[in-house]
Amino acid sequence: MSGNELENELSKAKEHLLASKYQEAQEIYEKVLSIDPLSVEALSYLSRTIQELDPASPRILQLLKKAMQLDPSDTYTLFNLGCYYFKRNNFKPAIKYFLETLKFDPNQSCATYNLGVCFDSLGEFNKSIEYYTRSIELEPNNPRVLTNKAIALDKIGKSEEAKELFEQALKIEENAKIYNNFGICLKKLGENDEALKLYEKACELEPEYSLAHYNLAVHLSETDQLDKAFEHYELAFKLEPSNVFACLGIANTMEMKGNNEGALKLYQSVLSAVPYIKGVNEKIQSLMRKEYEIQAKKLQMEAEKLQEAQNNLFEWDEAFCNKKLRENDDHIEALLRKGILHMEKKEYIEAKRHLLRVSELDTKFYPELVHDYLGEIFFKEEKDYSKARKYFFMALEISPKPELWIKCGKCWEKRKEFALACEDYKKAIELDKTFALAYLRLGWAQVRNGDRDKGLENLETSNELLPDHSEIMTKLGEVLVKEGLNIERAIDMLEKSIKIDNDNPDALVALGRAFEKIGKIDEAVQKYESALLLPYTNINAYFYLGAIYEKQKDYKRSIQLFKQCLNLDKTHFGATIHLATLLANCGETSKATKYFEHALKLDPESAPAHFSLGKILQSSSENIEEAADHYRKVLEKDPQHYKSLCQLGIYHLEKNELEKAAEYLKESIKINSKYVLSLVTMGNLLFEAGNSKSSAKYHQQALKINNTEIQALIGLGNALYDMGKPEDSITYYEQALQQDDSLSDIHYNLGNALYLKEDIDGAISHYQTSIKLNPEKPETYYNLGNALCLKGDFTSAVTAYTQAIKLDKNNAPAYYNLGNAWYMQNRYDDAIFAYKEALKLNPSSAECHFNLASAYSDNSQEDLALLHFKESALYDDQNSETFYNIGVLLAKRKDYDGAKHHLQKALQIKPEFTQAIEYLDKLNSH
């Protein structure tokens with residue numbers, strides 16, 4: 001493209017730009033820059049185009065900086081850089097580039113005007129006026145410049161001068177902004193009526209101009225035109241929701257009109273959004289005092305009226321209540337009394353229905369009583385502790401009592417929020433420092449929250465304030481047992497508690513734990529079973545009793561007890577984990593998985609649940625990726641969990657990712673060098689990697705820790721076998737069989753080792769045992785066939801090879817040896833068939849071609865025999881027998897030269913080959 005053509009393209013692009021066709025302009029500028037990357041005009045104008053299309057694009061600044069590097073004096077680039085920063089409210093660099101623009105082009109009116117706006121925005125009004133003045137000199141009839149200078153003059157107190165400029169601007173253009181700001185100026189000059197007209201004119205010209213509506217509303221409010229003011233404040237706020245002053249105006253107008261409640265809500269919303277507006281907090285406090293006084297008077301009147309009407313309410317019986325309710329379904333006194341009667345009979349569902357209806361009819365009718373009872377229902381019956389605390393707290397707000405704080409704290413305890421429970425109990429103590437049960441609850445919650453010392457201190461205080469109290473002694477005894485501090489004192493205290501209250505399951509369970517601690521298991525069992533006989537038992541009696549039977553290996557009974565525990569409390573984590581583990585150990589993996597998943601719902605970070613679930617998934621091969629995720633979850637919480645590191649090592653080993661597996665296994669061994677599974681797995685990994693010597697060391701290390709570990713015995717046997725020490729490997733395989741003689745692979749490996757030791761009978765015996773245990777392993781049949789061949793039992797060998805092929809149709813060695821077994825029985829057709837099948841799977845086997853050729857030769861198929869001897873020679877040219885046989889067959893076909901050539905080749909390979917020498921002499925003598 002020539003220079004003129006480029007100029008034409010740039011002109012065309014500029015026309016698009018001026019016509020706001022930015023996409024078309026961008027395409028042309030990009031095209032020009034692809035031809036002339038150094039075109040300053042294209043760079044600068046392209047930045048302007050992108051600014052319109054994508055204001056956030058980083059290319060804008062990149063293009064402008066490149067243009068500046070090419071021509072630092074290009075005024076359009078300098079101006080665009082100023083505009084770039086100006087639009088981002090970054091006024092200091094904007095000022096720098098606008099000044100640079102004027103340095104090269106002093107009459108650039110836009111740069112001059114923009115400098116005025118920049119200084120205005122920075123609060124430097126004298127500077128801004130200076131540049132607005134220069135801009136007016138350049139463009140005397142620009143209403144925007146006149147208006148901005150007038151606003152700046154008004155800000156520095158030169159309102160008279162500003163007034164003249166506003167008038168001048170209005171002669172050029174009637175504009176809402178000019179009218180609004182002129183109104184502000186006239187108001188400062190005390191010309192309020194004129195200012196009002198100007199605000200109204202601004203609103204008329206531009207109905208959605210929020211600031212004009214706000215200024216008009218302020219003016220109307222000052223002249224007590226409250227309805228009109230309210231209307232314009234609302235409109236201003238609707239048009240610009242961020243205008244908190246419009247919101248304050250609405251609130252102020254509401255207050256002036258007597259709507260204190262509405263005003264208070266608005267003041268509070270403003271204060272929450274902008275906390276430091278002067279005077280708002282004082283307004284809120286003043287209104288709150290007024291509202292409180294009004295509400296207090298109202299409540300007093302209602303209370304007096306209520307007391308008068310309901311003096312005999314709590315003496316009504318159920319029949320009288322029913323009579324009242326037949327007359328009126330919503331007779332509030334009858335509903336309340338019926339709710340109370342149902343509570344007394346523990347009929348919580350009916351009680352809840354009546355009490356909720358009371359609350360719906362009148363939230364201020366005996367609210368403390370209603371909320372307290374509803375809290376009890378949600379706590380005891382529905383186990384919804386959030387709702388229970390909500391109702392207890394609502395009762396507290398009406399009547400602060402220590403008993404209600406205790407109820408609130410118990411709700412937090414049920415949700416295992418012990419720190420929050422402690423705060424509630426402390427508030428109960430603040431109300432009554434002699435309230436023993438508050439110290440009891442606080443101490444118990446502190447212990448559960450991990451603060452044992454403070455907890456014990458408060459429990460002891462509780463015991464001092466109220467000695468011989470069964471619940472206090474029970475809790476103190478429980479803590480002493482749990483922490484193992486003074487078991488004898490705990491037993492004494494718990495037995496005393498039981499004497500006071502025979503039906504105290506908590507004391508019986510705690511006493512059972514105490515007996516467990518000192519090894520009196522029979523006494524512990526008796527206490528737990530006594531607790532189970534009570535009408536209201538402690539579910540931990542099931543759990544601890546189940547744990548004892550689990551240790552005694554009475555798994556059936558322990559599973560039954562853990563299930564009973566979970567029937568009473570599905571959230572009992574300990575019972576869930578123990579039951580899941582027992583089921584997994586009993587092989588019921590499906591059920592175990594469900595319980596482990598339930599445990600994770602109760603505690604999503606539980607390491608035992610994640611680990612055990614991972615093992616189930618990994619062992620069943622259902623989802624090893626998910627299993628690995630569970631191990632990783634354990635390590636997130638406990639990076640030293642060597643068992644999870646080991647399992648991840650096994651996971652990567654199964655995926656043949658040996659380096660990754662080694663990394664995890666080494667870390668596991670580093671943390672616990674005596675963890676046998678890590679040592680054995682590392683040994684197996686090294687064996688897979690071909691390092692049998694190092695593999696043996698890890699297995700030996702594992703056996704030092706546990707000399708009966710079967711996998712270590714097998715692994716060491718395998719390593720020694722691979723190292724060419726079959727006799728040593730036999731020792732370890734035999735030791736492994738002493739641990740478990742039902743593992744087919746041990747018999748298979750032992751068979752291989754005995755085979756190498758030439759104990760063929762022993763090898764055959766173990767191969768046969770291996771097959772009985774695992775009839776689906778083709779290698780065992782194959783090796784058995786080889787051993788049988790050595791014994792000369794070719795008929796049995798055929799059976800073994802045939803079974804190997806049945807299990808693995810692509811087993812070329814089995815076909816080959818099957819051919820050999822048939823050959824040895826002179827069954828040449830069967831042998832030929834087997835050899836051919838072997839060659840289909842392994843066409844380059846020189847041995848197989850040789851034996852096939854031999855079978856053909858013995859079967860009087862000499863042409864085919866010659867063909868396969870030649871094929872054998874192609875794959876192995878160092879077998880003298882092959883060339884001898886070719887020579888003999890060629891001689892039979894009277895190809896004496898060919899025969900001599902192949903016999904000589906046989907002798908080159910094996911000079912002392914007697915048969916070849918004799919046959920060659922025979923040919924030469926003819």
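Start at 1 and count along the chain as shown; that gives each residue its number.
Keep in mind that glycine also has a Cβ here, set from the backbone N, Cα and C atoms.
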Taking 289-319, 320-350, 754-784 as the choices, which stretch does TrEMBL tie to coiled coil?
289-319
Beyond the flanks of the repeat 'TPR' (880-913) by at least 6 residues, Cβ under 8 Å:
846, 850, 853-854, 857, 862, 865-866, 869-870, 872-873, 919-920, 923-924, 926
If we skip the immediate neighbours and take only residues 6+ beyond the ends of the repeat 'TPR' (710-743), which ones have a Cβ under 8 Å from one of its Cβ atoms?
676, 679-680, 683-684, 687, 692-693, 695-696, 698-700, 702-703, 749-750, 752-754, 756-757, 773
DSSP-wise, what's the residue breakdown of the repeat 'TPR' (210-243) into helix, strand and coil?
27 helix, 0 strand, 7 coil
Across the whole of the repeat 'TPR' (642-675), what does the mean pLDDT come to? Round it, please.
91
Which bits of the chain, at least 6 residues beyond where the repeat 'TPR' (539-572) starts or stops, bring a Cβ under 8 A of a Cβ in it?
505, 508-509, 512-513, 516, 521, 524-525, 528-529, 531-532, 578-579, 582-583, 585-586, 598, 602
